[in-house]
Amino acid sequence: MSITIARTRAELAAAVGDATVAFVPTMGALHDGHVQLLKHARPLGEVLVASIFVNPTQFAPGEDFEDYPRTFDADLERCAEAGVDVVFAPAVETMYPSGFDTTITVDPGPLGSILEGAARPTHFRGVLTVVAKLFGLVRPDVAVFGEKDYQQLTLIRQMSRELALDVEIVGCPTVREADGLAMSSRNIYLTADDRVRAAAVSAALRAGVAAGPEGADAVLDAAHAVLDAAGITPDYLVLTNPELGDPEPGQEARLLVAARVGKPRLLDNCALTIGATKLGS
Ligand code: AMP
């Protein structure tokens, strides 16, 4: 099956028919991280749909909506290589038929105002709203999201469950550059010097993981030390449980970091097990 570009619900419906659908939403500027997501999703449905839509409502005024990289032709090639059947690339009017001000939105709840939500208060409302709309248009059985955006993945899982959207949410491990930097469409904003320094973000996570058996404080100390040495002050560096609540000694945990390195704000996170030392003790 050759790749089909659908711009509207009717074109989507014609391209998909009655098949089961695996879905990967993206904002384009596709890199190898997106390609892994697509390959992960390929066997999960009879038809694989990828969306390419730079969603205005998840950018706050002054953020990089206008400058966000747009590489549609190259994206189509990457989609074709990864086995995508249908690329859904809607116009803004298709996604927001009554404009932005009158749109019904999804409230992300308490999890939407911590971490990324504290730095970007309207971000997750925009993300969840557009994902809910995309689910309504694409009607997927399964949708695949990257662990790279761990809070987003957690919120989308929660939304699908609590709003009974009946879409299975699958997480896909973070794809990294050779030096550990998590791939991101925004890495192109890094200068050559900042690109070298940016490797410290994932190195900090690895140092945290290595200190895991010594307990929570040791994890955070080790990770902070790596960031300090690179002259990076994180917006946050936190240890949580897998649902972003308080971590439990001896249990699986998540270490999450956000830090501005030059222009872009870099996000990364990883799973780890922390030893039995209590946080703060
Ligand atoms: P975006 O186009 O940045 O909105 O991302 C689309 C999807 O790709 C989201 O589910 C992201 O979490 C995922 N993604 C972005 N970067 C990576 C990466 N380096 N590894 C795995 N998934 C990623």
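From the backbone N, Cα and C atoms, a Cβ is placed for every residue, glycine too.
Around HIS34 (active site, proton donor), the same-chain residues at least 6 positions away in sequence with a Cβ under 8 Å from its Cβ are VAL24, THR26, ARG78. Residues or ranges marked as active site, proton donor in TrEMBL: HIS34.
Residues annotated as ATP binding site in TrEMBL: 27-34, 146-149, VAL175, 183-186. DSSP classifies HIS34 (active site, proton donor) as helix under the three-state reduction.
Taken from TrEMBL, the feature (R)-pantoate binding site applies to GLN58, GLN152. Around the Cβ of GLN152 ((R)-pantoate binding site), 22 further Cβ atoms fall within 10 Å across all displayed protein chains.
Residues or ranges marked as beta-alanine binding site by TrEMBL: GLN58. Applying an 8 A CB threshold to same-chain residues 6+ apart, the list for GLN58 ((R)-pantoate binding site) reads THR122, HIS123, PHE124, GLY126, VAL127, VAL130.
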Round to a whole number and give the Cα-to-Cα distance in Å for the pair LEU30 (ATP binding site) and GLN152 ((R)-pantoate binding site). 18
How big is the gap, in Å, between the Cα of VAL175 (ATP binding site) and that of GLN152 ((R)-pantoate binding site), rounded to a whole number? 16
Near ligand 1, which of the binding-site residues show up if the criterion is a Cβ under 6 Å from one of its atoms? Options: LEU30, GLN58, VAL175. VAL175
